[in-house]
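*Asks:* Pulled these features from TrEMBL for this protein:
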type	residues	note
DOMAIN	21-294	domain 'ABC transmembrane type-1'
DOMAIN	336-574	domain 'ABC transporter'
TRANSMEM	21-44	transmembrane segment
TRANSMEM	56-77	transmembrane segment
TRANSMEM	134-157	transmembrane segment
TRANSMEM	163-181	transmembrane segment
TRANSMEM	240-265	transmembrane segment
TRANSMEM	277-306	transmembrane segment
Amino acid sequence: MLNLRERLMLTHKGHSDLKKAIIACTITNLSLMLPFGITIQIFVELLKPFMGETISWTKMWIFFGLGIIAAVLVFLASKNDYKKTYIASYMESEANRTRIAEHIRKLPMSFFNAKDVSELTTNIMGDCSTSEHVLSHIIPQLLANAISITVICLGLAAFDWRLALTVFSTVPIALLIIVLSKKIQNRLSEKHVEAKLKASDQVQEYLEGIKVIKSCGLDGSKFSALDNALRYMKQMAIKLEFGTGVFVAGAQIVVQAGVGLTVFAGTYLLTGGKIELIPLLMFFLIVVRIYGPILTELTLLPELFYMQTSTRRMRRLISTPIMEGDTEKEIKNYNIEFENVSFSYTGNLAPEETVIKDVSISIPANGITALVGPSGSGKSTLSKLIARFWDVNKGVVKIGGIDIKILDPEYLMDYMSFVFQDVVLFNDTIYNNIRIGNMDATEEQIMEAAKAACCHEFVNNLPDGYHTKLGENGSTISGGERQRISIARALLKNAPIVLLDEATASLDPENEVLIQQAISKLIEGKTVIVIAHRLRTVVSADKIIILDKGRVLEEGTHDELLREKGLYERLYSIQNENLGWSI
Ligand SMILES: Nc1ncnc2c1ncn2[C@@H]1O[C@H](COP(=O)(O)OP(=O)(O)OP(=O)(O)O)[C@@H](O)[C@H]1O
């Protein structure tokens, strides 16, 4: 059974802040009764002439003064309440977002395989916003209302317990209606959240595929998946509103029936001489006032149920186990060994799902090892296993004799640099994009890395030089330039192991030469694993490993492999023939 803190996904500070917010909100609610109490006293005073008494102006002035004091008290209480509820809830929401983002960073890649980015965005932004709203607007109000209603109820009971009982007699029935409808509301909330997710997923796909949509002459209405998702979301939103509205309206009618009952009971007591007219009128006034907070309670409860759907999703995410390990064990040499490694992306080692099959290889330190093989043979997967992006399902991967499964993935990353085909650049300046390689680097070191990666010249030709913003994923510069920035980043990191995914897309000769120069600098004296697509680039590698359908087929140097006359020799001669290909 989860406690309130766990249910609402609160930090310890958030939990204690919430308690303070509830107290502050209760004080505000009770302070709001002061002007009301004073108004009633004035009302009693004004009725005196009808009872044959005279109005006391001294009392009226005192009430006037008290009214001003009450207004100041309400202002102070509201100010305190505002600070305690809103500021605290936004701070809590920020803490939660950071906590989720931190957690996501440490999750295994298998998690991302099963999740869409839009779902995670919804987790970080949408679910946190829902809980932020509930923490700031719903829970403090809900509990404070409940406390002040109870206090007033006790006050009324002290005045006349029979009438007080009548006033509140319908409240339990109304609450029962809301509580019993919780299951239906939860189901509708789940469906609504699911529909929102689907819609945001489709919007993302639509925006990412905008080039294809334009080039194929499709328009929004023809993009039926998006259309359907938006329509479904609309339907679910209406269903949720309707499903909730029916129960809330029903419960509110039941509560308001209490007014009629009170009037009926009051008149009965009055005619029986058990209550005076003026106290009864005062009672009626209070009753009208007290129903406001009760009706509000009934509308706030469904919002609390809706929040539970969001927090349930956040809890699921935050309880997904992260990849952890040793952060101090020093790797003394960079020999990489695969010992009987099998791996499948689903975790199931059934033959049709296994993409790496019983691989045992050795990648020597301080040399260049090329991974070669047909498309889908498992080259990229092997490199991902070295970086512990995924954990192997069978066997071990060792670096310097240490099983990498015992190392913390982020710590392991300190030993590695990557140059992938799909370069990831951030919407920031070129300078900051390079600096990601080593956040402690000096300006001089950053410039040096940029020069070594052949970036300096093109960067200097940009209007703002190193301070030019790159747009989303470096959309404002060419593919070759993007690649060189990523090499500068890797150079700055200066990690002992370099994983290189050779670009498949053809670059113009000038770019190719520049990238080649940059890479030569990057791999100097390092342990290099290169995923090679063009075999002429691996001729001088110290070791070439040929993969086919997840198995190691051949190993050796270029000359040895040519002599073997196996798959490598076949692929090499096919690529040589194609060199003469032209249009
Ligand atoms: N994230 C993933 N989830 C599930 N299966 C994957 C994933 N990535 C790759 N695969 C599958 O694993 C197998 C090996 O893929 P991998 O990318 O390692 O091959 P590759 O030799 O690098 O191919 P290419 O040269 O075309 O890049 C393929 O069948 C591929 O479909």
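Our numbering is plain: 1 for the first residue shown, then up by one each step along the chain.
The backbone N, Cα and C atoms fix where each Cβ goes, glycine too.
Nobody curates TrEMBL annotations by hand; they come from automatic prediction.
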*Asks:* Counting Cβ pairs under 8 Å to the transmembrane segment (240-265), which of 56-77, 163-181, 277-306 comes out on top?
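*Replies:* If we count Cβ pairs closer than 8 Å to the transmembrane segment (240-265), 163-181 scores highest.
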*Asks:* Is the transmembrane segment (277-306) close to the transmembrane segment (21-44), in the sense of at least 3 CB pairs under 8 angstroms with a sequence gap of 6 or more?
*Replies:* yes
*Asks:* Report yes or no: does the transmembrane segment (277-306) come within contact of the transmembrane segment (134-157), defined as 3 or more CB pairs under 8 Å with a sequence separation of 6 or more?
*Replies:* yes
*Asks:* Looking only at the domain 'ABC transporter' (336-574), what is the model's average confidence as pLDDT?
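*Replies:* Across the residues of the domain 'ABC transporter' (336-574) the model's pLDDT averages 87 on the 0 to 100 scale.
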